[in-house]
Amino acid sequence: MRIVSAIQPSGRLHLGNYFGALQKYIKVQEEGQALFFIADLHALTTVRNGQQLQEMTYGLALDYLAFGLDPKKTILFRQSDVLEHTELAWYLATVAPMGLLERAHSYKDKVIRGLFPSVGLFAYPILMAADILLYRADRVPVGKDQMQHLEIARDLANKFNTAYVLGYDASDPEGTKEGNAPGILTLPSPFFMKDESIVPGTDGAKMSKSYNNVIEIFADEAIITKKIMSIKTDSSSVIEPKDMRVSPIFALLQLLVTPSEMADIEESCRIGGKGYSTYKHRLLECFYETFRTVRQRRKELEGEKGYVKNVLNQGAERARQYASSTMEDIRKAVGTARK
Ligand code: TYM
């Protein structure tokens, strides 16, 4: 099984990235050949400072390693080190209907939030599809917010296969029925956990680097305390029952405590008698119980520049082998292969 995913180095790693992505990376790296990369080309749609991008790219490599992604097994690399990502994105762009991208929520949301509406931001799902299809991924561990992007990747694989593979039938992508041919590009499936949902930020909206509502995993203690203590609540008094839908504290606690503790929390909300600050303090404790070791490990890795660079270079070397094999088939099909 081929597993592919990525995180943008456009800010520091937060709880949404952990529960939506990294936690699953750690789990699935044992289940097949995983390729996890740092999506620096994607981050160019928001980051306009070269040095900052370099630093955040290095920072994300530290995050991956601190969380225990194992470079001996898993391929860890930087997107821009494998040029085939942008080449495949162009081929896909030529079969991508405008309407498909116009329906993408993420572009509209980002523009409403004030991001510059560049062609790059609009075409972002095409590059993401290329990232996945280039490695013929079977599984893509992502958070629920990426669902539509995954559907677009599947759609584009189908469009490409239909355009270039004689006998390809979109209802039989592997070509198992008599007379049908398999596609050149594999249709990927998302990988979600049972009952997974989007992780809310401190204001209750989706936790996102661009919304200033994140709880960063590797921030200084003072900042983490401030962020958790500032989580949105209502003005109900200590003795009043708490409506768990009002404050994101409870959705965040649910991610970090055991089911039996969560049942106790639910009960205490129902009967009242505990103020929001009690729950916030518990969240703070849970945060450190979960992340103390990785925070420590990341600190230790910080000085190991040579090692980290080496991991990324070797990862890129291995990723290129997969990429060039797919591209050979693609260039042959579209007519750009060297004769
Ligand atoms: P990015 O960098 O925004 O987020 C990285 C991963 O974290 C997940 N995530 C969340 N999950 C749940 N709740 C949240 N609040 C939350 N915030 C972020 C995302 O779902 C993602 O899995 N386009 C992608 C990066 C990308 C990619 C790819 C992913 C580029 N190429 C190829 C998979 C395959 C993105 O912007 O993720």
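Cβ coordinates come from backbone N, Cα and C, glycine included.
Annotated ATP binding site per TrEMBL: Gln8, Pro9, Ser10, Gly16, Asn17, Gly143, Lys144, Asp145, Val199, Lys206, Met207, Ser208, Lys209, Ser210, in sequence order. On its own chain, Gln8 (ATP binding site) has Ile38, Ala39, Asp40, His42, Ala43, Thr46, Lys209 as residues at least 6 apart in sequence with a Cβ closer than 8 Å to its own Cβ. Mapped onto three states, the DSSP output places Gln8 (ATP binding site) in coil.
Per TrEMBL, L-tryptophan binding site is recorded for Asp131. Counting only same-chain residues at least 6 apart in sequence, those with a Cβ under 8 Å from the Cβ of Asp131 (L-tryptophan binding site) are Val4, Ala6, Phe37, Ala39, Gln79, His85.
Per TrEMBL, the feature motif ''HIGH' region' maps to 9-17. Here the motif ''HIGH' region' (9-17) has a mean pLDDT of 97 out of 100.
Positions annotated as motif ''KMSKS' region' by TrEMBL: 206-210. For the motif ''KMSKS' region' (206-210), the residues of the chain that approach it from at least six positions outside its boundaries are 8, 10-12, 14-16, 46, 110, 113, 115, 145, 198-200, judged by C-beta separation under 8 angstroms.
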Inset, instruction - Fewest other Cβ atoms within 10 Å: which of the binding-site residues Ser10, Asn17 wins that one? Let me know. - result: Ser10
Inset, instruction - Restricting to the same chain and to sequence separations of six or more, state which residues have a Cβ under 8 Å from that of Val199 (ATP binding site). - result: Leu15, Gly16, Phe19, Gly20, Gly143, Lys206, Met207, Ala251, Leu252, Leu255
Legend entry - Per-state residue totals over the motif ''KMSKS' region' (206-210) - DSSP helix, strand, coil: 2 helix, 1 strand, 2 coil
Inset, instruction - Rank the binding-site residues Lys144, Met207, Lys209 by the number of other Cβ atoms within 10 Å of each Cβ and report the first-ranked residue. - result: Met207
